[in-house]
Amino acid sequence: MSSPELPSQMGVPNGHTKLQEVTPDTPLDEVFQKWEEDGGVIIKGILAPAQVTQLREELQPLLDTFQRGSTTDIEPLKRFHGSQTKRAGGLTNCSAIFRDYLLDNDFLHAIAARCFGSGGRPGVHAYWISSANTINVGPGQPAQVLHRDLGNYPHYHLLGPDGPESQATFLIATTDFTDANGATRIIPGSQKWPFNQTWNPSQSIPSEMHAGDCLLFGGKVVHGTGANTTNAERGCVAFTFCANHLTPEEAHPHIVDINIVRKLSERAQRSLGFRSQYPRGAPGLWMEGYNEVATRLGLDSK
């Protein structure tokens, strides 16, 4: 006769009541120290005010074509996506600010290379973009259920809190984030909990920040969009890198205009999946035969 299963234990936050802040000039060692302490860190001033304004203007025609809520018939997914939330993808096609200042941002790529590196070496060729979309939360949107993003990749879940990160997400605020308008909430320190531990929404804190700032977090931390109790929309671009042996959320090679891709840097092309992938120790993934897929696409002059 087997013994009864013990109930899950409630996790305990690390006691921080506000997320720590860095800037694009902060040394990576300090960025990662703060990120590893809380599971999330605010990067101040990723975009300048004029860039935020232009980004909003470039995204508005796209947002005008999207309905609020989800197109799925699956009720739990509808609630997860948010009935008053606009999630629009394909940002590379419609925004020069996204292409020039986020997709090809040296600081964001430096963070990704370190996050997905191994053996003390940066993983310059170890990641690509999982998704890039808006999460624009309208008035009256209830709080999202708290969750961990690594649920997309079950084998990473099996590795537990000591396993590597499957993804790194940058939430770039296009409006101010406040507690009242639905700032993304994080339970600080929850990325270190055993994954069978439970939590309570009251343990979460809001990632309050200004437009142009960015929230960085990984796949292991417990988080979720807050409730928008105001009369104004809370806007952001959610930009996620994942290890490039994993399937991305967004199928960029089927979405992004090849004529736009031709004008991008090799790094940006690789990040979007228009070049083959070379994680450390691999002879190549995402190939055409055993050849670089970019050559087949006419992106190389060789």
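A Cβ is built for glycine as well, from the same backbone N, Cα and C atoms used for every other residue.
Swiss-Prot has this to say about the protein:
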- His147, Asp149, His223: Fe cation binding site (BINDING)
- 1-22: region 'Disordered' (REGION)
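Cβ atoms within 8 Å of the centroid of the Cβ atoms of His147, Asp149, His223 (the Fe cation site) belong to the same-chain residues Leu146, Arg148, Gly151, Gly219, Val221, Val222, Gly224, site residues excluded. Under the three-state DSSP scheme, His147 (Fe cation binding site) falls in the strand class. With a 10 A radius on its CB, His223 (Fe cation binding site) counts 25 other CB atoms from all the protein chains.
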